[in-house]
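Worksheet for the structure shown next.
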Amino acid sequence: MLSARAAAASQSHAASLWKRGGGDAGGGSGCTSCMEVRRRAASVAVRAAPPKRVEAVAMESAAETAHSDKEVALTDGAADEDSPPEPEEELPVTPWAFSVASGYTLLRDPHHNKGLAFSEKERDAHYLRGLLPPAVVSQELQVKKIMHDLRQYKVPLQRYVAMMDLQERNERLFYKLLIDNVEELLPVVYTPTVGEACQKYGSIFRRPQGLYVSLRDKGKVLEVLRNWPERNIQVIVVTDGERILGLGDLGCQGMGIPVGKLSLYTALGGVRPSACLPITIDVGTNNEKLLNDEFYIGIRQRRATGEEYHELMEEFMDAVKHIYGEKVLIQFEDFANHNAFDLLAKYSKSHLVFNDDIQGTASVVLAGLLSSLKVVGGTLAEHTYLFLGAGEAGTGIAELIALEISKQTNAPIEECRKKIWLVDSKGLIVNSRKDSLQPFKKSWAHEHEPLTTLLDAVESIKPTVLIGTSGVGRTFTKEVVEAMASFNERPIIFSLSNPTSHSECTAEEAYNWTQGRAVFASGSPFDPVEYNGKTYVPGQSNNAYIFPGFGLGVVISGATRVHEDMLLAASETLAEQATQENFDKGSIFPPFTNIRKISAQIAASVAAKAYELGLATRLPRPRDLEKYAESCMYTPIYRSYR
Ligand SMILES: O=C([O-])CC(=O)C(=O)O
Ligand SMILES: [Mg+2]
């Protein structure tokens, strides 16, 4: 947040622009400090406004400053000390004029709108009198009303659309609702409903919620990024839409995923909404259905590949660094295997990058395994692991398990990998297949006779842990699960593919086919299951437990790179949060209701690791990192604009 002086300075900048401005809202590159003005002073580029309204902005900014909490102070500090270098070239003068967010405009500004919660005094001060019905209500009552409305919708997609509308109308209320009702609303704004939303994104599209960078923008990506109205971005989630959850290529409509992930960054991890930037890279789609869909929102061509693809990605990555500096966390999300590993390997040398599907999923599953051990006994090294699916999630998890075993036993990583077996669409990954394997699978090719089915692999390897990351539903058949139950007292079975319809088996199947003995977790949520008079509450092994806290830890420490030890630290911290009470109910994860506390703990351990590794740049190191993380978290309580 700007200091009062800076706000006033910004305001005079706004005012002078107002004098200079030509009128209409529109695109075009924005002067970066004007972007600040737009956000900080709640200005909206619409039309020239009378000077007295400009004063109202200054008052509002001052009020916001007065109410600024640590969440804001942190970003201010960051902006002062660590502002990314200003671009060297001359910035174009924006043709925009700025009016202020008061009156009617204020009601349509989602960052500041409070609807009926504007007080009498605020209504007087901000030209709202008469624009709202007389009732003044609390934020709590607004939450109650919207939850009541949402529950009237029987179709999940209608709830999703209602939530997106709320986010566009009143951002703080959206986050308050999500935080206060996290268990109920996570499946609405996130998996599974977000999957259906992406499939139908063109039809339900109302307003853009992120930035679209398409092949047509080649050579102009910097300009595209400059059009985004925020300056101090801390986290970007970017997808190219090629592997959305387990649903495959959804092209440009994958945008629902970065939008959803970033709303969890804010709700679960406390990163300010204005510091989050959802991006979709549109290089076309190979999804014929979408190419023929009249409502499709992306470019209508088959996917660009090879040099053309990588040139656009490179231009994008360079532009991000140029505009936002080195400390913006770039989360790669739902890229296809054939790009995900290469992009991560390439850009982890030059950028602060994190692949959620490889690293985030690995970290949450490792946490799930560490707490499963408290239920089934043994050490990580004493178990045998079999995966169905050898893509980003499968190999990412496998590698993190091997790393943790190596850390615990001091054995070489190659030895530790031998405890872990993977099955892909062609069968068990074995040495004799090595030549034809994609590079990221090669380290999992062990000595064994070739086997083509999962059931054969289960019967031959006799794993204690079975993990599904195949993206294909119902592949853990009754025979497979019963085989697991025949040689394990407590088989560990994780069906991780998303959304729910792609889960390798349901929670009910896992409990029924093992007579309630399975230690089960899934990627998407399942309702509690009754079996033999006992209620089982299955845990959700979803990277949503990790990435919000992980990202917060990176941001508060000013880490410049992601290191695998930071992932291990996140896993260990999450594993410590599961209690005997959770185990008794059948879950190896704590409930999402505690997630903000858990995220602060994860952030603290990730930040501590970053300091230990010399990767943190925010100095001095706060003494109590958990308290510091908590104090930095965004809260959606309304501010007073008097
Ligand atoms: O989004 C989720 O629920 C988990 C995830 O990253 C994926 O399945 O790709
Ligand atoms: Mg993903």
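Note: Cβ is positioned from N, Cα and C throughout, glycine not excepted.
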Exercise. Pick from Asp282, Asp293, Asp357: which one does TrEMBL list with Glu333, Asp334 for the same divalent metal cation site?
Worked result: Asp357
For this session: For the (S)-malate site, TrEMBL lists Arg243, Asn498; sort out which one of Asn286, Asn532, Asn542 goes with them.
Result: Asn542
For this session: Tell me which recorded positions (Tyr190, Arg243, Lys261, Glu333, Asp334, Asp357) have a Cβ under 6 A from ligand 2; sequence order is fine.
Result: Glu333, Asp334, Asp357
For this session: Could you tell me which of the recorded positions Lys261, Asp334, Asp357, Asn498, Asn542 have their C-beta within a distance under 6 angstroms of some atom of ligand 1?
Result: Asp334, Asp357, Asn498, Asn542
Seminar exercise, completed: In all the protein chains shown, the tally of other Cβ atoms within 10 Å of the Cβ of Glu333 (divalent metal cation binding site) is 30
Exercise. Which residue, of the binding-site residues Asp357, Asn498, has its CB surrounded by the fewest other CB atoms within 10 A?
Worked result: Asp357
Problem set entry | Environment of Glu333, Asp334, Asp357, the listed divalent metal cation site - residues of the same chain whose CB lies within 8 A of the CB centroid | Thr239, Arg243, Ile244, Ile257, Phe332, Phe335, Ala340, Asn355, Asp356, Glu392
Seminar exercise, completed: On the domain 'Malic enzyme NAD-binding' (358-611), the mean of the pLDDT values is 97
Problem set entry | Whole-number Å value for how far Tyr190 (active site, proton donor) lies from Asn498 ((S)-malate binding site) (Cα to Cα) | 11
Problem set entry | Pairwise CA distance, Asn542 ((S)-malate binding site) versus Asp357 (divalent metal cation binding site), rounded so that it is a whole Å | 10
